[in-house]
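What Swiss-Prot records for CYS169 is active site, acyl-thioester intermediate. Annotation comment: Swiss-Prot describes ARG71, GLY72, GLY73, GLN74, VAL75, THR76, TYR77, HIS78, SER138, LEU139, GLY140, GLY151, LEU152, ALA153 as substrate binding site, evidence class sequence analysis. Under the heading domain 'BPL/LPL catalytic', Swiss-Prot lists 29-209. Residues or ranges marked as site 'Lowers pKa of active site Cys' by Swiss-Prot: LYS135.
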Amino acid sequence: MPLQVKYLGLQPYESTWEAMQRFTNERTEHTPDELWVVEHPPVFTQGLNGQAKHLQAFALEQNIPIIQTDRGGQVTYHGPGQIIIYVLLDLKRAQLGVRDLVHRMEKAIIEFLCDLSISADARPDAPGVYVDGQKIASLGLKIRKQKSYHGLALNFDMDLTPFSWITPCGLEGIQMTQVSHFIQQPDQLASQTALIKALCHQLQPEIDS
């Protein structure tokens with residue numbers, strides 16, 4: 001059953017999160033898996049392991065919402081110019097464990113970046129994708145009854161300043177980077193398509209082949 005891809009454009013975080021929960025609660029064994037491609041207005045989100053100390057006082061003074069979510073991980077920032085893909089899978093049907101899903105998501109991002117001549121890797125101690133030790137993509141998932149939602153966020157061509165007001169993903173001293181630091185005037189729409197293709201190849205290789 002091929003993955004269904006939905007391009008949602010710029011959407012508020014909370015309503016998108018509610019839609020993911022609703023989709024996951026209502027889906028049946030026959031519901032196709034979906035990938036949602038989206039951007040959000042500026043927002044800080046706290047994962048289930050998030051700590052208040054990772055939000056600096058300056059961040060609290062900004063006119064940016066801070067939302068406690070049900071995904072794994074700690075605090076991060078979303079904003080325009082970031083490619084976000086929410087991964088809504090039936091893990092039992094796909095015969096995927098959570099660690100395998102994370103690994104495949106990371107591998108898809110790494111392969112996509114490699115095609116742009118950006119050398120990236122993953123870390124066993126901190127999920128995500130890194131370029132020369134700087135974080136370029138973050139991952140966070142929620143698994144409910146063997147169904148996944150939330151997903152990945154790739155920094156593409158955005159204002160990274162709000163990341164300096166937090167401790168991203170709880171990683172002290174981590175620096176953030178983005179695709180536009182390595183490529184002049186990158187094409188976001190074309191890159192969304194290429195990243196989706198890489199993700200589909202990793203999640204459904206038998207269909208993609």
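Using the three backbone atoms N, Cα and C, a Cβ is placed for every residue, glycine included.
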(request) Restricting to the same chain and to sequence separations of six or more, state which residues have a Cβ under 8 Å from that of TYR77 (substrate binding site). (result) PRO42, VAL43, PHE44, THR45, PRO162, PHE163, ILE166, PRO168
(request) Would you mind checking how many other C-beta atoms are within 10 angstroms of the C-beta on LYS135 (site 'Lowers pKa of active site Cys')? (result) 22
(request) Report the same-chain neighbours of CYS169 (active site, acyl-thioester intermediate): residues 6+ apart in sequence with Cβ closer than 8 Å to its Cβ, ordered by sequence. (result) GLY73, GLN74, VAL75, THR76, ALA126, GLY128, LYS135, SER138
(request) Mind looking up the mean pLDDT for the domain 'BPL/LPL catalytic' (29-209) in the predicted model? (result) 91
(message) Among all protein chains shown, how many Cβ atoms are found within 10 Å of the Cβ of LEU152 (substrate binding site), not counting that one?
(response) 25
(message) Through the lens of DSSP with three states only, how would you label ARG71 (substrate binding site)?
(response) coil
(request) Look up SER138 (substrate binding site) in the DSSP assignment and reduce it to helix, strand or coil. (result) strand
(request) Report, as a single number, how many Cβ atoms besides its own are within 10 Å of the Cβ of VAL75 (substrate binding site). (result) 25
